[in-house]
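Asks: Swiss-Prot feature annotations, pasted as is:
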type    : residues                       : note
DOMAIN  : 4-182                          : domain 'Guanylate kinase-like'
BINDING : 11, 12, 13, 14, 15, 16, 17, 18 : ATP binding site
């Protein structure tokens with residue numbers, strides 16, 4: 001009945017987009033969650049092929065040259081990118097796909113796949129965002145300062161997204177994202193009317 005739908009979830013570092021996406025996956029096991037490739041070091045608890053594909057710069061640059069990314073960016077000296085092939089294969093199977101990427105990557109996807117659904121996650125406040133980043137304990141002070149500057153810029157330029165979700169309560173934010181998925185699936189452009197007619201669902 002439904003075509004595969006590409007959902008792009010973005011937000012400042014520390015806004016909680018990763019946690020929200022994890023909860024959505026638990027509720028919707030049939031969703032295809034795209035795994036990004038990166039050249040950054042693994043953080044404690046991260047698993048290669050689960051959280052990211054951890055590769056070296058040479059391999060990443062080879063993939064760029066071969067046009068293997070749907071989007072990619074250099075973020076604070078590390079490459080991040082979304083491999084194109086698994087995303088388009090999942091969409092072709094009729095699976096809905098979740099991409100958790102930054103705003104630069106989202107803009108790239110918007111140009112190449114404008115029919116996607118674009119969702120921006122807002123933090124409760126800038127001060128709480130900074131507190132979350134510091135609690136991580138994974139970044140040096142100069143990186144935290146850069147992330148905060150970037151957060152201001154991203155929030156100031158997020159009005160082109162289809163949906164804005166405030167993450168001041170995790171369960172509410174997850175419910176909001178699930179409501180977005182449900183509403184988008186019901187839009188006429190995503191419904192295959194021929195299947196409805198041939199299946200006898202719609203009768204005169």
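Heads up, the Cβ atoms here are built off N, Cα and C, so glycines get one too.
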Asks: If you count CB neighbours within 10 Å, which one among the binding-site residues 11, 14, 18 has the smallest count?
Replies: 18
Asks: What is the total of other Cβ atoms whose distance to the Cβ of residue 15 (ATP binding site) is within 10 Å?
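Replies: The answer is 26 other Cβ atoms.
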Asks: So if I measure Cβ to Cβ from residue 12 (ATP binding site) and keep only same-chain residues at least 6 apart in sequence, which ones fall under 8 Å?
Replies: 123, 129, 147, 150, 151, 154, 155
Asks: An 8 Å radius from the center of the 11, 12, 13, 14, 15, 16, 17, 18 Cβ atoms defines the neighbourhood of the ATP site; name the other residues of that chain inside it, in order.
Replies: 121, 123, 129, 167
Asks: Give me the non-local Cβ neighbours of residue 17 (ATP binding site): same chain, 6+ apart in sequence, Cβ-Cβ under 8 Å, ordered along the sequence.
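Replies: The list for residue 17 (ATP binding site) reads 9, 10, 11, 100, 121, 167, given in order along the sequence.
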Asks: Looking at Cβ-Cβ distances, which residues of the chain lie under 8 angstroms from residue 13 (ATP binding site) while being 6 or more apart from it?
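Replies: Those within reach of residue 13 (ATP binding site), by Cβ under 8 Å and sequence separation of 6 or more, are 102, 133, 147, 150, 151.
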Asks: I'd like the number of other C-beta atoms within 10 A of the C-beta of residue 16 (ATP binding site), please.
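Replies: Around residue 16 (ATP binding site), other Cβ atoms within 10 Å: 23.
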